[in-house]
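Enquirer: Sharing a structure below in structure tokens format, with a few things to ask.
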């Protein structure tokens, strides 16, 4: 898991969020024999070409190849980048995250997960909950899961922050069975 804290705002550091995610994911994935490590900062300077000045956003797909190299460098099963910038993909105004199951990498943006983004007071607990949901969602894709029609399942597509707030941080029974099956395979 890679973090980025170079986005300057009055939102404060995301280190507590990264620590929370590392601890939670470490506990969740330990039962599948997967170790979760926080390996340091991801400099946005590597992604200057991904920035669209007209949109004031980064094209999310440009993070994935770099994460793939990091995954190889650490001989990891998967790599997750967490950034504090607004990201998008063509056809979408914004996205919370993007995964590439073939590369076994994903990126999640905290930018629109902050309650302050929506004019609400700061709430670190809510931010951590939202971040966990989006990270679990993208890692689900990394490990072979598609979107789920169950609005409470973490694999349900979030078209807005309301969708993220409605769903659970956990996989529904069907998605959890698929995840466990996929993680048991040696090639995943």
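Every residue gets a Cβ built from N, Cα and C, even glycine.
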Enquirer: Select one of 62, 147: the residue that Swiss-Prot places in the Zn(2+) 1 site alongside 137, 141.
Expert: 147
Enquirer: What is the separation, in Å, between the Cα atoms of residue 141 (Zn(2+) 1 binding site) and residue 175 (Zn(2+) 2 binding site)?
Expert: 11
Enquirer: Which residue, out of the binding-site residues 137, 141, 147, shows the minimum number of other Cβ atoms inside 10 Å of its Cβ in this structure?
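Expert: 147, out of the binding-site residues 137, 141, 147, has the fewest neighbouring Cβ atoms within 10 Å.
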Enquirer: Among the binding-site residues 153, 172, 175, whose Cα is within 10 A of the Cα of residue 137 (Zn(2+) 1 binding site)?
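Expert: Among 153, 172, 175, the ones whose Cα sits within 10 Å of that of residue 137 (Zn(2+) 1 binding site) are 153.
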Enquirer: So what sits near residue 172 (Zn(2+) 2 binding site) in its own chain, CB-to-CB under 8 Å and at least six residues off in sequence?
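Expert: When sequence neighbours closer than 6 are ignored, residue 172 (Zn(2+) 2 binding site) has 148, 150, 152, 153, 155 within Cβ distance under 8 Å.
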Enquirer: DSSP secondary structure for residue 141 (Zn(2+) 1 binding site), reduced to helix/strand/coil, please.
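Expert: Going by the DSSP assignment, residue 141 (Zn(2+) 1 binding site) falls within a helical segment, counted as helix.
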